[in-house]
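Read through the structure below, which is laid out as structure tokens, and then see the notes.
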Amino acid sequence: MQGVNDMIIPGTTRLSPANSVPQPNLCLRRCHQPLRLRHRTPARTTDEIGREAIRRAMKALRKRHLLEEGAHAPAIAALSRPFAAQGLEWKEKAEKLEFELQQCYRAQSRLSEQLVVEVAECRSSKALVQEKESLITSLQSEVTQAREENSQLKECLDEKTEALVLVLTENHSLQSQMKDVMQKLNDAQAENKNLIDRWMLEKMKDAEKLNEVNALYEEMMQQLKVSSIEQLARQKADGVVRQREAGYCDDIPDSAIPSACKHVLHAHDGGCGSISFEHSSNNLISGGHDRAVKIWDANTGTLRQTLRGSVSSILDLAVTHDNKFVIGASGSNHLFVWESSSARIRHSLTGHADKVCGVDAGRHSARHVVSAAYDHTIKLWDLQKGYCVNTIISISNCNAVAYGLDGLTIWSGHVDGNLRLWDGRSGKLLSEVAAHSQSVTSVAISRSGNMVLTSGRDNVHNLFDVRTLEICGAFRGNGNRVASNWSRSCISGDERFVAAGSADGSVYVWPTAKTEPAIVLEGHDSPVLCCAWNAFGRTLASSDKNGTICIWG
């Protein structure tokens, strides 16, 4: 049924045609060689030789069979087992392999999922890397630009450093110059002080002579009882007697101490810091923190006119001698000039660098106005031209200012407590006196020009003789306290009474002769800031921090 090459000998393995054919050839070749040798022996026959070769071949085949049987023993044992046992084993192996294959598939699916995740992460990482690379590129460009800007800034810094070195050098030179100037200034101040001391000494000598003349005059007055002789003696005194000096008017009415409050005016919102009567009139002008200026009829207590246009609080007021213009000092560094007839602003005077806290008009000219501000300056203004004509610089801020009766001198009260007298034309300081231990809040000139009244934060009100700058009277009360840095006091036209407001809401009235105690007028419910006496001497007005005005009569 099978060929020779397909036959399987028991105990051997199947031989491929390629292996089965050459092996007998090798054996034959090996057998043929001794046959050649045997051909040389003539004693043996051909049949013997053939049988010998067949024996040798069979011997070689057995030897080979034994070798192959030892090599293929496991396979032969397997083939010798029954096919049923082999089928079960193969089935178990197949199931085991199928189970392993399923495990491999599962592992492959897990690995595929991990591979997908890793691929996604790789793609996101790649995108992130690309984004970081673009960011790095932009940052590199920004770094390059920043380096360029840094180099430019470094060049600019070098230039600024050179300029700063130059400025410092100039500053050192200017400081040395300033030291020299300050030394000269100190020397000049010392010399000025010596001159003032000498001048005060001369004034004291003149005052002693004046006292001697006054004593002589009193003695003459006691001896001469007749009015004509008394009048002649006053004229012969040639200005020594104060009632015949410049500014005295024979028709000044006698003032009276007010006894009751006639009118209560709710004038301003937020406070009323300044009031003033018109000259030879009973019209009262008030300025308040509501930036309005109002004109009142003091007889009836009615409002006659309102002046608007200020952009800040009104800190002080002044009226020209002809009552045509009202000047308001404002906290906005301005002076506002209104025409009282039309209520229109005529001028807005600018030039101060800080709030203007004091203003006054000339007694004999409607053209000149003086103002003081918290910029260490006192300015003189020409209302006809509308600008500043002179500026006086003071070492201390000025709270109050007033024109002298001659229209050429200016009185000023300062934060350092001194009262100063200036020449309005040249701006030179003519005289100075320590009026108060604290800030001066008010300066008021009497109608005759012989007296100047000052008030201070030390709660004292001093009355000075303008010729000698000696204190003629000092007024204080147990409950009288000055309410602010710009509290204004006043003196009556006949120089008989002094009035000042207090922080407790009272108004104090002192007789200048000190023959009677102070009269206390009560009617305000807040600190009184300002007092003003009219020209007729019968009406006194006062204003407080609530904006209320009381008219006393």
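Any Cβ shown, glycine's included, is placed from N, Cα and C.
Automated prediction, rather than curation, is the source of TrEMBL annotations.
Taken from TrEMBL, the feature coiled coil covers 129-227.
The domain 'Autophagy-related protein 16' annotation in TrEMBL covers 88-211.
Summarising the annotation, TrEMBL assigns region 'Disordered' to 1-21.
With helix defined as DSSP H, G or I and strand as E or B, the repeat 'WD' (265-306) counts 0 helix, 24 strand, 18 coil. Taken from TrEMBL, the feature repeat 'WD' applies to 265-306 (among others).
Remote same-chain partners of the repeat 'WD' (349-391), defined as residues 6 or more beyond its termini with a Cβ less than 8 Å from a stretch Cβ, comprise 312, 315-322, 324-325, 327-337, 397-403, 405, 407, 410, 412, 422, 424-425, 427, 443, 449, 485-486. Summarising the annotation, TrEMBL assigns repeat 'WD' to 349-391 (among others).
Annotated repeat 'WD' per TrEMBL: 400-432 (among others), in sequence order. Across the repeat 'WD' (400-432), the DSSP tally of helix, strand and coil residues reads 0 helix, 20 strand, 13 coil.
Under the heading repeat 'WD', TrEMBL lists 433-468 (among others). Non-local neighbours of the repeat 'WD' (433-468) in the same chain are 203, 206-207, 210, 242-243, 245-249, 252, 358, 363, 399-406, 411-419, 474-476, 480-482, 484-491, 493-495, 498, 500, 510, 512, 535; each lies 6+ residues outside the stretch with a CB under 8 Å from one of its CB atoms.
Residues 252-256, 258-277, 279-282, 284, 286, 288-290, 296, 298, 301, 447, 483-484, 486-494, 497, 499-509 of the same chain lie 6+ residues outside the repeat 'WD' (521-553) yet bring a C-beta within less than 8 angstroms of a C-beta in it. Taken from TrEMBL, the feature repeat 'WD' applies to 521-553 (among others).
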Problem - Secondary structure content of the repeat 'WD' (433-468), with strand meaning DSSP E or B - result: 0 helix, 19 strand, 17 coil
